[in-house]
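Residues or ranges marked as domain 'RWD' by TrEMBL: 14-133.
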Amino acid sequence: MAVTVKECLELQLLEVEMLLSMFPKSGEFSLDADAVPSIQRYLKNADGALPPQLEYRIAVDVGEAKVKVELQVLLPHMYPQVAPQLFARSDALHRQQQLQLNTRLASHISSLETGDLCVCEAVQWVKDSTLPFLENCKASSECAPKEVRVKKMLHRMWIYSHHIYRQELRKKIFDCAKKLNLTGFCLTGKPGIICVEGLQENCEEFWHIIRYPNWKHISCKHVENIETEGSIDNLRLFHSFEDLQFQAHGDYGLRNDYHMDLGQFLEFLKQHQSGHIFQILFGVEGKLSDN
């Protein structure tokens, strides 16, 4: 017999109760104040709109030093029939180690029985499995060779969104790019285009952060990797992270449904040695007006 959304949400609330009993101290379990009540209201009246997906964070102490690792949790409405979205992060880990940790976490969760609650299991896995990463991190910093010519990689991501309008979303994009030392641009409007370039782990973290928790109409259309033994800064096409806005046309009513001038955007791309990206983003060859 098929499991309903209502049954899944009831199980999610039961798991939250278990987690609250496991992490009763302030700051250990962070949950939006209206998250549980909104689900409870839906359970009383299942004919209404679905509540927001349940999202919370758990602070886990790892090892004798009690290193803080935060487990970010986002539950689809049909969890536990589908896998949860989990992401573990810690200031004590290098970004590459953090990515490896999350890859193994995702693999572990996918190996579990479908239909079983698994956030508690994920918490225990993080406690048990993060310690080797922390020890390797410490060892690598203590035993690093003095002079090694390491090849570095400039990573450039071209991201397409149906639209980018909201001020808080734009702020999140710019704050994240600045924090991760990424250059590029954000083209506001419809469509919305983002380009970020920098170290690969920084670009991948940016991609994870801006999508989290529920940016649906967004995709990474193209990725470029350029290897160098020097500074990646010499390979950047952009010297900062720009707020890109061109003359718009369309409905300026309540929906703010305005389209960017793609001719100006194509010209901008060509000025930055990226004219070929236009066809990758939009599926058509870009042509500049003769005017």
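Cβ coordinates are placed from backbone N, Cα and C, and glycine is handled just like the others.
Across the residues of the domain 'RWD' (14-133), the predicted structure has a mean pLDDT of 91. The DSSP breakdown of the domain 'RWD' (14-133), given as helix, strand and coil counts, is 50 helix, 26 strand, 44 coil.
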